[in-house]
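Notes for the one structure printed next.
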Amino acid sequence: MTERFDCHHCNESLYGKKYILKEENPHCVACFEELYANTCEECGTPIGCDCKDLSYKDRHWHEGCFHCSRCGSSLVDKPFAAKEEQLLCTDCYSNEYSSKCQECKKTIMPGTRKMEYKGSSWHETCFTCQRCQQPIGTKSFIPKENQNFCVPCYEKQYALQCVQCKKPITTGGVTYREQPWHKECFVCTACKKQLSGQRFTARDEFPYCLTCFCDLYAKKCAGCTNPISGLGGTKYISFEERQWHNDCFNCKKCSLSLVGRGFLTERDDILCPDCGKDI
């Protein structure tokens, strides 16, 4: 007796018929398609064994149903894009959804690298420095009057040049006599200490810290021999080409302050009228 060879589902004999194995169990074509065939997203009918089953993200189509939702062109073996569960050819997707390049006004195709800034988009090769025309890419840039500049070009064209080192001032800076300086370049002419944020004065247009200015140029007190800066409201007495701090202008003998008083001189000394009686 011949061994039976039947469909695992309907038990119909498979001798002389097409069959399909599923987990090593034979099925007739009709049962296999009923039980296991995927349903086409487009037409809603099973995708039979004699048809190509095209799939995308767990969705399936007959080969003839796999087309653009807008223009109907076939997407078989062509690039496509998905938008809200619909499949679109690249032309239809670009026309409806792709951004336009701010520079060349052409569509930025899906999958193409693009640059975005403040709501505008560029092809990567179109996002260039206004001055040198080189692509900016992921490098730093500076916008100026609706134009974009790479940092070196911006500094050459717009940044102030330090009067001392002649290099661009990109941050901060100091203005002295209407000329720009880097903070680190604006230093005392004598000791080279930075003057930014410090009190300073000038001699022949050269800046000096107060200490160096006093040491170099200030008059010396005839009493204590220390410099009289004359800065910041410092008061002093001047008499016959000699100067004294107010606190140092005292009688040589009794140390009485002579500020606002009459006095006498004895050689290099100054005396109050009472001490001067003995001269």
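Backbone N, Cα and C define each Cβ position, glycine as well.
Pulled from Swiss-Prot, these are the features on record:
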type: CROSSLNK; residues: LYS78; note: SUMO2 cross-link
type: CROSSLNK; residues: LYS167; note: SUMO2 cross-link
type: CROSSLNK; residues: LYS220; note: SUMO2 cross-link
type: DOMAIN; residues: 40-92; note: domain 'LIM zinc-binding 1'
type: DOMAIN; residues: 101-153; note: domain 'LIM zinc-binding 2'
type: DOMAIN; residues: 162-212; note: domain 'LIM zinc-binding 3'
type: DOMAIN; residues: 221-275; note: domain 'LIM zinc-binding 4'
type: ZN_FING; residues: 7-31; note: zinc finger
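The Cβ of LYS220 (SUMO2 cross-link) lies under 8 Å from the Cβ of ASN226, PRO227, ILE228, GLN243, each on the same chain and at least six residues away in sequence. Residues 48-49 of the same chain, all 6+ positions outside the zinc finger (7-31), place their C-beta atoms under 8 angstroms from a C-beta of that stretch. If you take every residue in the zinc finger (7-31) and average the pLDDT, you get 80. Taking a C-beta cut-off of under 8 Å and a sequence gap of six or more, LYS167 (SUMO2 cross-link) has these contacts in its own chain: GLN161, HIS182. Here the domain 'LIM zinc-binding 3' (162-212) has, by DSSP, the following mix of helix, strand and coil residues: 3 helix, 18 strand, 30 coil.
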